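Annotated (6S)-5-formyl-5,6,7,8-tetrahydrofolate binding site per Swiss-Prot: ARG26, GLU88, ARG127, LYS460, in sequence order. Sequence annotations record features per position, and here Swiss-Prot assigns domain 'TrmE-type G' to 222-381. As annotated by Swiss-Prot, GTP binding site applies to 232-237, 251-257, 276-279, with the evidence given as sequence analysis. What Swiss-Prot records for ASN232, THR251, LEU253, THR256 is K(+) binding site. Among the features that Swiss-Prot reports, Mg(2+) binding site is placed at SER236, THR257.
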Amino acid sequence: MLNPGQTIAAIATAIVPQQGSIAIVRLSGSEAVAIAQRLFIAPGQQVWESHRILYGYVCNPRTGQRVDEALLLLMLAPRSYTKEDVVEFHCHGGMIAVQQVLQLCLEAGAVLAQPGEFTLRAFLHGRLDLTQAESVADLVGAKSPQAAQAALAGLQGKLIQPLQQLRRTCIDILAEIEARIDFEEDLPPLDLNQISSQIQHSLTEVNRILATADRGELLRTGLKVAIVGRPNVGKSSLLNAWSRSDRAIVTELPGTTRDVVESYLVVGGIPVQVLDTAGIRETSDQVEQIGVERSHKAAQAADLVLLVIDAQTGWTAEDQAIYTQVQERSLILVINKIDLVDQAFQPQACLPDPALTYLCTAAAQNQGIEDLESAILSKVQGGELEGANLDWAINQRQAAALTRAKLSLENVQETIANQLPLDFWTIDLREAIRALGEITGEEVTESVLDQIFSRFCIGK
(Lines of atoms letter the chains of each structure in order from A and count residues from 1; the text may use other names and numbers.)
(Lines give C-alpha, C1' and ligand atoms only; values in the text may rest on other atoms or scores of the structure.)
Protein backbone atom coordinates (compact mmCIF):
# COMPACT_ATOMS: atom_id res chain seq x y z
CA MET A 1 0.00 0.00 0.00
CA LEU A 2 1.33 3.44 -0.88
CA ASN A 3 0.44 5.08 2.46
CA PRO A 4 -0.07 2.08 4.80
CA GLY A 5 -2.03 2.83 7.94
CA GLN A 6 -2.51 6.48 7.05
CA THR A 7 -5.70 8.34 6.23
CA ILE A 8 -5.62 9.55 2.65
CA ALA A 9 -7.40 12.49 1.03
CA ALA A 10 -7.89 13.70 -2.53
CA ILE A 11 -10.24 15.63 -4.77
CA ALA A 12 -12.43 12.95 -6.36
CA THR A 13 -13.98 15.07 -9.12
CA ALA A 14 -12.49 16.85 -12.10
CA ILE A 15 -11.46 20.44 -11.40
CA VAL A 16 -12.56 22.76 -14.21
CA PRO A 17 -12.26 26.53 -13.67
CA GLN A 18 -15.69 28.20 -13.31
CA GLN A 19 -17.49 24.99 -14.31
CA GLY A 20 -19.15 22.16 -12.42
CA SER A 21 -21.66 22.70 -9.66
CA ILE A 22 -20.21 20.18 -7.19
CA ALA A 23 -16.70 19.15 -6.22
CA ILE A 24 -15.93 16.25 -3.87
CA VAL A 25 -13.07 15.79 -1.41
CA ARG A 26 -12.73 12.16 -0.30
CA LEU A 27 -11.09 10.81 2.86
CA SER A 28 -10.38 7.14 3.65
CA GLY A 29 -8.76 5.63 6.71
CA SER A 30 -9.04 5.19 10.45
CA GLU A 31 -8.84 8.96 11.12
CA ALA A 32 -11.28 10.02 8.40
CA VAL A 33 -14.19 10.65 10.77
CA ALA A 34 -12.04 12.40 13.38
CA ILE A 35 -10.59 14.72 10.74
CA ALA A 36 -14.05 15.47 9.38
CA GLN A 37 -15.38 16.26 12.85
CA ARG A 38 -12.58 18.78 13.37
CA LEU A 39 -13.43 20.56 10.12
CA PHE A 40 -17.20 20.24 9.72
CA ILE A 41 -19.88 22.03 11.72
CA ALA A 42 -23.34 20.47 11.37
CA PRO A 43 -26.03 22.76 12.85
CA GLY A 44 -28.89 21.38 14.93
CA GLN A 45 -29.25 17.80 16.09
CA GLN A 46 -27.82 16.04 13.04
CA VAL A 47 -26.47 12.57 13.88
CA TRP A 48 -23.09 11.32 12.68
CA GLU A 49 -24.18 7.87 11.54
CA SER A 50 -23.02 5.72 8.65
CA HIS A 51 -24.65 6.36 5.28
CA ARG A 52 -26.17 9.65 6.36
CA ILE A 53 -25.81 13.02 4.67
CA LEU A 54 -25.11 15.97 6.93
CA TYR A 55 -25.53 19.63 6.03
CA GLY A 56 -23.19 22.26 7.38
CA TYR A 57 -20.01 24.27 6.92
CA VAL A 58 -16.36 23.39 6.44
CA CYS A 59 -14.38 25.63 8.76
CA ASN A 60 -10.74 26.35 9.43
CA PRO A 61 -10.28 24.92 12.96
CA ARG A 62 -7.50 27.42 13.76
CA THR A 63 -9.42 30.57 12.85
CA GLY A 64 -13.04 29.42 12.87
CA GLN A 65 -13.50 30.95 9.43
CA ARG A 66 -16.01 29.25 7.16
CA VAL A 67 -14.46 27.93 3.95
CA ASP A 68 -17.54 26.49 2.23
CA GLU A 69 -21.14 25.48 2.74
CA ALA A 70 -21.22 21.75 2.05
CA LEU A 71 -22.81 18.35 2.46
CA LEU A 72 -20.94 15.59 4.25
CA LEU A 73 -21.44 11.91 3.39
CA LEU A 74 -20.31 9.42 6.03
CA MET A 75 -19.65 5.73 5.19
CA LEU A 76 -18.19 3.66 8.01
CA ALA A 77 -16.15 0.48 7.55
CA PRO A 78 -16.73 -2.05 6.16
CA ARG A 79 -19.69 -0.62 4.19
CA SER A 80 -17.63 1.67 1.98
CA TYR A 81 -15.70 1.63 -1.29
CA THR A 82 -12.37 0.93 0.44
CA LYS A 83 -13.87 -1.05 3.37
CA GLU A 84 -12.32 1.65 5.58
CA ASP A 85 -14.06 4.65 7.12
CA VAL A 86 -14.79 7.00 4.22
CA VAL A 87 -15.94 10.62 4.39
CA GLU A 88 -16.83 12.82 1.43
CA PHE A 89 -17.20 16.59 1.50
CA HIS A 90 -19.57 17.67 -1.30
CA CYS A 91 -18.47 21.25 -1.89
CA HIS A 92 -19.38 23.95 -4.37
CA GLY A 93 -17.73 23.54 -7.77
CA GLY A 94 -14.84 25.55 -9.10
CA MET A 95 -11.23 25.49 -8.01
CA ILE A 96 -10.82 27.57 -4.87
CA ALA A 97 -13.18 26.18 -2.23
CA VAL A 98 -12.48 22.51 -2.93
CA GLN A 99 -8.71 23.05 -2.84
CA GLN A 100 -9.04 24.89 0.47
CA VAL A 101 -11.05 21.99 1.91
CA LEU A 102 -8.42 19.50 0.73
CA GLN A 103 -5.65 21.60 2.28
CA LEU A 104 -7.50 21.66 5.62
CA CYS A 105 -7.79 17.86 5.50
CA LEU A 106 -4.04 17.56 4.93
CA GLU A 107 -3.28 19.99 7.75
CA ALA A 108 -5.56 17.96 10.03
CA GLY A 109 -3.50 14.80 9.53
CA ALA A 110 -4.44 13.22 6.22
CA VAL A 111 -1.89 12.55 3.48
CA LEU A 112 -2.46 13.20 -0.20
CA ALA A 113 -3.62 10.04 -1.98
CA GLN A 114 -1.59 8.70 -4.87
CA PRO A 115 -3.23 7.84 -8.23
CA GLY A 116 -5.61 4.92 -7.79
CA GLU A 117 -4.95 4.55 -4.07
CA PHE A 118 -8.62 4.42 -3.06
CA THR A 119 -9.22 1.58 -5.52
CA LEU A 120 -5.97 -0.11 -4.47
CA ARG A 121 -7.23 -0.17 -0.88
CA ALA A 122 -10.54 -1.59 -2.11
CA PHE A 123 -8.56 -4.39 -3.79
CA LEU A 124 -6.26 -5.06 -0.84
CA HIS A 125 -9.22 -5.22 1.55
CA GLY A 126 -11.12 -7.65 -0.67
CA ARG A 127 -13.79 -5.21 -1.80
CA LEU A 128 -12.77 -5.73 -5.46
CA ASP A 129 -10.76 -8.35 -7.28
CA LEU A 130 -8.05 -7.16 -9.66
CA THR A 131 -10.20 -7.46 -12.80
CA GLN A 132 -12.87 -5.32 -11.15
CA ALA A 133 -10.27 -2.74 -10.11
CA GLU A 134 -9.01 -2.50 -13.69
CA SER A 135 -12.59 -2.17 -14.88
CA VAL A 136 -12.97 0.92 -12.68
CA ALA A 137 -10.21 2.65 -14.66
CA ASP A 138 -11.75 1.47 -17.93
CA LEU A 139 -15.16 2.83 -16.93
CA VAL A 140 -13.72 6.23 -16.02
CA GLY A 141 -11.79 6.38 -19.31
CA ALA A 142 -14.50 4.91 -21.56
CA LYS A 143 -14.76 6.70 -24.92
CA SER A 144 -18.02 5.14 -26.10
CA PRO A 145 -21.21 3.66 -24.59
CA GLN A 146 -20.06 0.18 -25.63
CA ALA A 147 -16.72 0.67 -23.89
CA ALA A 148 -18.55 1.79 -20.76
CA GLN A 149 -20.83 -1.27 -20.90
CA ALA A 150 -17.85 -3.61 -21.25
CA ALA A 151 -16.14 -1.94 -18.28
CA LEU A 152 -19.31 -2.14 -16.20
CA ALA A 153 -19.64 -5.86 -16.98
CA GLY A 154 -16.09 -6.36 -15.71
CA LEU A 155 -16.85 -4.31 -12.60
CA GLN A 156 -19.89 -6.51 -11.93
CA GLY A 157 -17.64 -9.58 -11.87
CA LYS A 158 -18.57 -11.15 -15.21
CA LEU A 159 -14.92 -11.53 -16.22
CA ILE A 160 -13.69 -12.99 -12.93
CA GLN A 161 -16.17 -15.88 -12.92
CA PRO A 162 -14.74 -17.90 -15.85
CA LEU A 163 -11.17 -17.12 -14.74
CA GLN A 164 -11.78 -18.38 -11.21
CA GLN A 165 -13.38 -21.54 -12.59
CA LEU A 166 -10.34 -22.15 -14.81
CA ARG A 167 -8.00 -21.69 -11.87
CA ARG A 168 -10.04 -24.02 -9.64
CA THR A 169 -9.96 -26.70 -12.34
CA CYS A 170 -6.17 -26.45 -12.59
CA ILE A 171 -5.82 -26.60 -8.79
CA ASP A 172 -8.06 -29.68 -8.63
CA ILE A 173 -6.01 -31.46 -11.30
CA LEU A 174 -2.77 -30.51 -9.53
CA ALA A 175 -4.11 -31.85 -6.23
CA GLU A 176 -4.99 -35.16 -7.89
CA ILE A 177 -1.52 -35.49 -9.38
CA GLU A 178 0.35 -34.53 -6.20
CA ALA A 179 -1.73 -37.00 -4.22
CA ARG A 180 -0.59 -39.76 -6.59
CA ILE A 181 3.03 -38.65 -6.19
CA ASP A 182 2.85 -38.71 -2.37
CA PHE A 183 0.50 -41.67 -1.86
CA GLU A 184 0.87 -43.72 -5.04
CA GLU A 185 0.24 -47.08 -3.35
CA ASP A 186 -2.91 -45.95 -1.50
CA LEU A 187 -4.84 -44.40 -4.40
CA PRO A 188 -6.24 -45.72 -7.68
CA PRO A 189 -4.44 -44.74 -10.92
CA LEU A 190 -5.18 -41.38 -12.51
CA ASP A 191 -8.02 -41.27 -15.00
CA LEU A 192 -5.99 -39.94 -17.93
CA ASN A 193 -9.02 -39.58 -20.17
CA GLN A 194 -10.76 -37.40 -17.60
CA ILE A 195 -7.70 -35.22 -17.02
CA SER A 196 -7.10 -34.83 -20.75
CA SER A 197 -10.74 -33.84 -21.19
CA GLN A 198 -10.47 -31.26 -18.40
CA ILE A 199 -7.31 -29.78 -19.90
CA GLN A 200 -8.89 -29.58 -23.35
CA HIS A 201 -12.05 -27.96 -21.96
CA SER A 202 -9.88 -25.43 -20.10
CA LEU A 203 -7.97 -24.61 -23.29
CA THR A 204 -11.23 -24.08 -25.14
CA GLU A 205 -12.36 -21.65 -22.44
CA VAL A 206 -8.99 -19.86 -22.46
CA ASN A 207 -9.24 -19.37 -26.23
CA ARG A 208 -12.79 -18.06 -25.86
CA ILE A 209 -11.63 -15.44 -23.37
CA LEU A 210 -8.50 -14.56 -25.39
CA ALA A 211 -10.70 -13.90 -28.41
CA THR A 212 -12.04 -10.78 -26.67
CA ALA A 213 -8.61 -9.12 -26.44
CA ASP A 214 -8.70 -7.36 -29.82
CA ARG A 215 -12.21 -6.08 -29.17
CA GLY A 216 -11.15 -4.87 -25.74
CA GLU A 217 -8.16 -3.01 -27.16
CA LEU A 218 -10.35 -1.31 -29.78
CA LEU A 219 -12.92 -0.30 -27.16
CA ARG A 220 -10.25 1.11 -24.84
CA THR A 221 -7.85 2.86 -27.21
CA GLY A 222 -10.00 3.37 -30.28
CA LEU A 223 -8.95 3.57 -33.91
CA LYS A 224 -6.93 6.26 -35.68
CA VAL A 225 -8.06 6.82 -39.28
CA ALA A 226 -6.18 9.11 -41.70
CA ILE A 227 -7.92 10.57 -44.76
CA VAL A 228 -5.29 11.13 -47.48
CA GLY A 229 -5.28 11.99 -51.16
CA ARG A 230 -4.26 14.63 -53.64
CA PRO A 231 -5.77 18.14 -53.38
CA ASN A 232 -9.46 18.74 -54.14
CA VAL A 233 -10.65 15.14 -54.16
CA GLY A 234 -13.09 15.87 -51.32
CA LYS A 235 -11.19 14.80 -48.20
CA SER A 236 -12.49 17.68 -46.08
CA SER A 237 -16.02 17.25 -47.45
CA LEU A 238 -15.81 13.60 -46.41
CA LEU A 239 -14.76 14.56 -42.88
CA ASN A 240 -17.58 17.11 -42.61
CA ALA A 241 -20.20 14.66 -43.88
CA TRP A 242 -18.91 11.91 -41.61
CA SER A 243 -18.73 14.07 -38.48
CA ARG A 244 -21.96 15.93 -39.40
CA SER A 245 -20.21 19.24 -38.81
CA ASP A 246 -18.11 21.85 -40.58
CA ARG A 247 -14.85 20.71 -38.99
CA ALA A 248 -12.80 21.44 -42.11
CA ILE A 249 -12.85 24.39 -44.51
CA VAL A 250 -14.01 23.36 -47.98
CA THR A 251 -13.24 25.40 -51.13
CA GLU A 252 -12.50 24.66 -54.79
CA LEU A 253 -8.96 25.98 -54.35
CA PRO A 254 -6.27 23.27 -54.17
CA GLY A 255 -4.27 23.30 -50.93
CA THR A 256 -7.01 24.78 -48.72
CA THR A 257 -6.21 22.33 -45.91
CA ARG A 258 -2.72 23.14 -44.65
CA ASP A 259 -2.68 21.17 -41.39
CA VAL A 260 -4.15 17.99 -39.93
CA VAL A 261 -7.75 18.49 -38.76
CA GLU A 262 -8.99 16.07 -36.09
CA SER A 263 -12.48 14.85 -35.33
CA TYR A 264 -13.69 12.20 -32.88
CA LEU A 265 -16.50 9.78 -33.74
CA VAL A 266 -17.92 6.47 -32.56
CA VAL A 267 -18.32 3.77 -35.21
CA GLY A 268 -19.99 0.53 -34.18
CA GLY A 269 -19.08 1.19 -30.56
CA ILE A 270 -15.43 1.85 -31.41
CA PRO A 271 -13.99 5.32 -30.68
CA VAL A 272 -12.47 6.69 -33.88
CA GLN A 273 -10.05 9.60 -34.24
CA VAL A 274 -10.33 10.89 -37.82
CA LEU A 275 -7.45 12.89 -39.29
CA ASP A 276 -8.19 15.02 -42.35
CA THR A 277 -4.83 15.74 -43.94
CA ALA A 278 -3.48 18.27 -46.41
CA GLY A 279 -3.59 17.31 -50.09
CA ILE A 280 -0.43 15.46 -51.09
CA ARG A 281 1.33 16.88 -54.14
CA GLU A 282 4.60 18.41 -55.28
CA THR A 283 4.60 22.08 -54.31
CA SER A 284 7.01 25.00 -53.93
CA ASP A 285 4.89 26.62 -51.21
CA GLN A 286 6.84 26.16 -47.96
CA VAL A 287 3.74 26.21 -45.75
CA GLU A 288 1.98 23.66 -47.96
CA GLN A 289 5.13 21.52 -47.93
CA ILE A 290 4.91 21.33 -44.14
CA GLY A 291 1.27 20.28 -44.45
CA VAL A 292 2.18 17.56 -46.96
CA GLU A 293 4.89 16.25 -44.65
CA ARG A 294 2.39 16.09 -41.79
CA SER A 295 0.02 14.19 -44.07
CA HIS A 296 2.68 11.54 -44.64
CA LYS A 297 3.32 11.26 -40.90
CA ALA A 298 -0.41 10.99 -40.14
CA ALA A 299 -0.77 8.17 -42.68
CA GLN A 300 2.14 6.27 -41.17
CA ALA A 301 0.80 6.67 -37.62
CA ALA A 302 -2.78 5.68 -38.50
CA ASP A 303 -4.35 2.28 -37.89
CA LEU A 304 -6.33 2.66 -41.11
CA VAL A 305 -5.84 4.87 -44.18
CA LEU A 306 -8.68 6.14 -46.37
CA LEU A 307 -7.20 7.01 -49.77
CA VAL A 308 -9.67 9.37 -51.46
CA ILE A 309 -9.72 9.81 -55.25
CA ASP A 310 -11.95 11.82 -57.61
CA ALA A 311 -14.39 9.76 -59.69
CA GLN A 312 -14.39 12.49 -62.36
CA THR A 313 -10.69 12.21 -63.11
CA GLY A 314 -10.28 8.54 -62.26
CA TRP A 315 -6.96 7.05 -61.23
CA THR A 316 -4.09 9.49 -61.85
CA ALA A 317 -0.32 9.43 -61.59
CA GLU A 318 -0.59 11.48 -58.39
CA ASP A 319 -2.98 8.89 -56.93
CA GLN A 320 -0.51 6.15 -57.87
CA ALA A 321 2.34 8.00 -56.15
CA ILE A 322 0.33 8.32 -52.93
CA TYR A 323 -0.84 4.71 -53.15
CA THR A 324 2.76 3.54 -53.44
CA GLN A 325 3.54 5.27 -50.15
CA VAL A 326 0.57 3.86 -48.19
CA GLN A 327 -0.14 0.48 -49.82
CA GLU A 328 1.52 -1.42 -46.97
CA ARG A 329 -0.93 0.15 -44.50
CA SER A 330 -4.41 -1.14 -43.77
CA LEU A 331 -6.18 0.67 -46.60
CA ILE A 332 -9.61 1.49 -48.02
CA LEU A 333 -10.00 3.29 -51.36
CA VAL A 334 -12.77 5.91 -51.31
CA ILE A 335 -13.99 6.92 -54.79
CA ASN A 336 -15.60 10.29 -54.11
CA LYS A 337 -17.81 12.62 -56.19
CA ILE A 338 -19.70 9.65 -57.57
CA ASP A 339 -22.71 11.95 -58.03
CA LEU A 340 -20.80 13.88 -60.72
CA VAL A 341 -20.25 10.97 -63.12
CA ASP A 342 -22.76 9.17 -65.34
CA GLN A 343 -24.24 5.75 -64.66
CA ALA A 344 -21.81 4.06 -67.02
CA PHE A 345 -18.95 4.80 -64.61
CA GLN A 346 -17.05 1.66 -63.63
CA PRO A 347 -15.39 2.07 -60.20
CA GLN A 348 -13.31 -1.08 -60.73
CA ALA A 349 -11.40 0.82 -63.43
CA CYS A 350 -9.99 3.04 -60.66
CA LEU A 351 -8.49 0.17 -58.67
CA PRO A 352 -4.69 -0.20 -58.69
CA ASP A 353 -5.22 -3.67 -57.20
CA PRO A 354 -8.37 -5.76 -57.82
CA ALA A 355 -8.19 -7.06 -54.24
CA LEU A 356 -8.28 -3.55 -52.75
CA THR A 357 -11.28 -2.71 -50.55
CA TYR A 358 -13.17 0.21 -52.08
CA LEU A 359 -16.45 2.10 -51.87
CA CYS A 360 -18.12 5.07 -53.57
CA THR A 361 -19.23 8.29 -51.88
CA ALA A 362 -20.73 11.65 -52.69
CA ALA A 363 -19.45 13.48 -49.64
CA ALA A 364 -20.91 16.87 -50.62
CA GLN A 365 -24.35 15.19 -50.70
CA ASN A 366 -23.75 13.18 -47.48
CA GLN A 367 -23.98 9.93 -49.45
CA GLY A 368 -22.00 6.77 -48.76
CA ILE A 369 -21.18 7.39 -45.09
CA GLU A 370 -22.96 4.24 -43.88
CA ASP A 371 -21.05 2.21 -46.48
CA LEU A 372 -17.83 3.81 -45.25
CA GLU A 373 -18.51 2.87 -41.63
CA SER A 374 -19.45 -0.68 -42.62
CA ALA A 375 -16.22 -1.01 -44.61
CA ILE A 376 -14.17 0.26 -41.67
CA LEU A 377 -15.79 -2.18 -39.24
CA SER A 378 -15.27 -5.01 -41.69
CA LYS A 379 -11.64 -4.02 -42.15
CA VAL A 380 -10.69 -3.77 -38.49
CA GLN A 381 -12.84 -6.66 -37.31
CA GLY A 382 -12.34 -9.03 -40.19
CA GLY A 383 -16.07 -8.92 -40.82
CA GLU A 384 -17.00 -9.66 -37.23
CA LEU A 385 -14.87 -9.24 -34.16
CA GLU A 386 -14.25 -12.44 -32.23
CA GLY A 387 -15.80 -12.31 -28.79
CA ALA A 388 -18.25 -9.60 -29.88
CA ASN A 389 -21.11 -11.65 -28.46
CA LEU A 390 -19.66 -11.21 -24.98
CA ASP A 391 -20.40 -8.05 -23.00
CA TRP A 392 -16.89 -7.88 -21.52
CA ALA A 393 -13.35 -7.98 -22.89
CA ILE A 394 -9.88 -8.51 -21.46
CA ASN A 395 -7.04 -5.99 -21.61
CA GLN A 396 -3.46 -6.44 -22.80
CA ARG A 397 -2.06 -7.33 -19.36
CA GLN A 398 -4.72 -9.95 -18.84
CA ALA A 399 -4.23 -11.31 -22.37
CA ALA A 400 -0.48 -11.69 -21.79
CA ALA A 401 -1.03 -13.65 -18.57
CA LEU A 402 -3.77 -15.74 -20.18
CA THR A 403 -1.45 -16.56 -23.10
CA ARG A 404 1.10 -17.88 -20.59
CA ALA A 405 -1.61 -20.01 -19.00
CA LYS A 406 -2.56 -21.35 -22.44
CA LEU A 407 1.04 -22.32 -23.25
CA SER A 408 1.36 -24.07 -19.89
CA LEU A 409 -1.82 -26.08 -20.45
CA GLU A 410 -0.62 -27.04 -23.93
CA ASN A 411 2.63 -28.21 -22.33
CA VAL A 412 0.61 -30.38 -19.94
CA GLN A 413 -1.14 -31.96 -22.93
CA GLU A 414 2.23 -32.69 -24.53
CA THR A 415 3.56 -34.11 -21.26
CA ILE A 416 0.59 -36.48 -21.02
CA ALA A 417 0.98 -37.55 -24.65
CA ASN A 418 4.69 -38.28 -24.12
CA GLN A 419 3.97 -40.21 -20.89
CA LEU A 420 6.48 -38.19 -18.89
CA PRO A 421 6.67 -38.57 -15.08
CA LEU A 422 3.98 -36.85 -12.98
CA ASP A 423 6.51 -34.34 -11.60
CA PHE A 424 6.68 -32.76 -15.07
CA TRP A 425 2.90 -32.33 -15.13
CA THR A 426 2.95 -30.29 -11.92
CA ILE A 427 5.49 -27.76 -13.24
CA ASP A 428 3.26 -26.52 -16.04
CA LEU A 429 0.07 -26.74 -13.98
CA ARG A 430 1.61 -24.52 -11.30
CA GLU A 431 2.62 -22.00 -13.98
CA ALA A 432 -0.94 -21.98 -15.37
CA ILE A 433 -2.33 -21.44 -11.86
CA ARG A 434 0.18 -18.64 -11.24
CA ALA A 435 -0.66 -16.91 -14.54
CA LEU A 436 -4.41 -17.05 -13.88
CA GLY A 437 -3.81 -15.76 -10.34
CA GLU A 438 -1.99 -12.74 -11.76
CA ILE A 439 -5.18 -11.81 -13.61
CA THR A 440 -7.51 -12.22 -10.65
CA GLY A 441 -5.08 -10.73 -8.13
CA GLU A 442 -4.64 -13.91 -6.11
CA GLU A 443 -0.97 -14.09 -7.13
CA VAL A 444 0.36 -10.67 -8.03
CA THR A 445 3.57 -8.76 -7.32
CA GLU A 446 3.86 -5.24 -5.96
CA SER A 447 5.43 -4.03 -9.21
CA VAL A 448 2.42 -5.27 -11.19
CA LEU A 449 0.07 -3.47 -8.80
CA ASP A 450 2.11 -0.28 -9.16
CA GLN A 451 1.86 -0.53 -12.95
CA ILE A 452 -1.90 -1.12 -12.88
CA PHE A 453 -2.86 1.61 -10.43
CA SER A 454 -0.47 4.25 -11.80
CA ARG A 455 -2.87 4.80 -14.72
CA PHE A 456 -5.72 5.77 -12.39
CA CYS A 457 -6.56 9.37 -11.66
CA ILE A 458 -5.95 10.82 -8.20
CA GLY A 459 -9.08 10.50 -6.09
CA LYS A 460 -10.21 7.18 -7.56
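Cβ atoms are placed via backbone N, Cα and C, with glycine included.
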Maximum Cα-Cα separation (Å), residues ARG26, GLU88, ARG127, LYS460 listed as binding (6S)-5-formyl-5,6,7,8-tetrahydrofolate: 19
Rounded Cα-Cα span from SER236 (Mg(2+) binding site) to ARG127 ((6S)-5-formyl-5,6,7,8-tetrahydrofolate binding site), Å: 50
Across the domain 'TrmE-type G' (222-381), average pLDDT on the 0 to 100 scale: 81
Binding-site residues compared (ARG26, ARG127, LYS235, LYS460) - highest count of Cβ atoms within 10 Å: LYS235
Local backbone state of LYS235 (GTP binding site), from DSSP in three classes: helix
Conformational class of GLU88 ((6S)-5-formyl-5,6,7,8-tetrahydrofolate binding site) under the three-state DSSP mapping: strand
Separation of alpha carbons, ALA278 (GTP binding site) and SER236 (Mg(2+) binding site) (Å): 9
Binding-site residues listed as GLU88, SER236, ALA278, least Cβ neighbours within 10 Å: GLU88
Alpha-carbon distance [ALA278 (GTP binding site); LYS460 ((6S)-5-formyl-5,6,7,8-tetrahydrofolate binding site)] in Å: 41
Cα distance (Å, whole number) from GLU88 ((6S)-5-formyl-5,6,7,8-tetrahydrofolate binding site) to ALA278 (GTP binding site): 50
Structural state of LYS460 ((6S)-5-formyl-5,6,7,8-tetrahydrofolate binding site), classified by DSSP into three states: coil
Integer Cα-Cα distance in angstrom, ASN232 (GTP binding site) to ARG26 ((6S)-5-formyl-5,6,7,8-tetrahydrofolate binding site): 54
C-alpha spacing of ARG26 ((6S)-5-formyl-5,6,7,8-tetrahydrofolate binding site) relative to LYS235 (GTP binding site), in angstrom: 48
Cβ neighbours of ASN232 (GTP binding site) where a neighbour is any other Cβ within 10 Å: 21
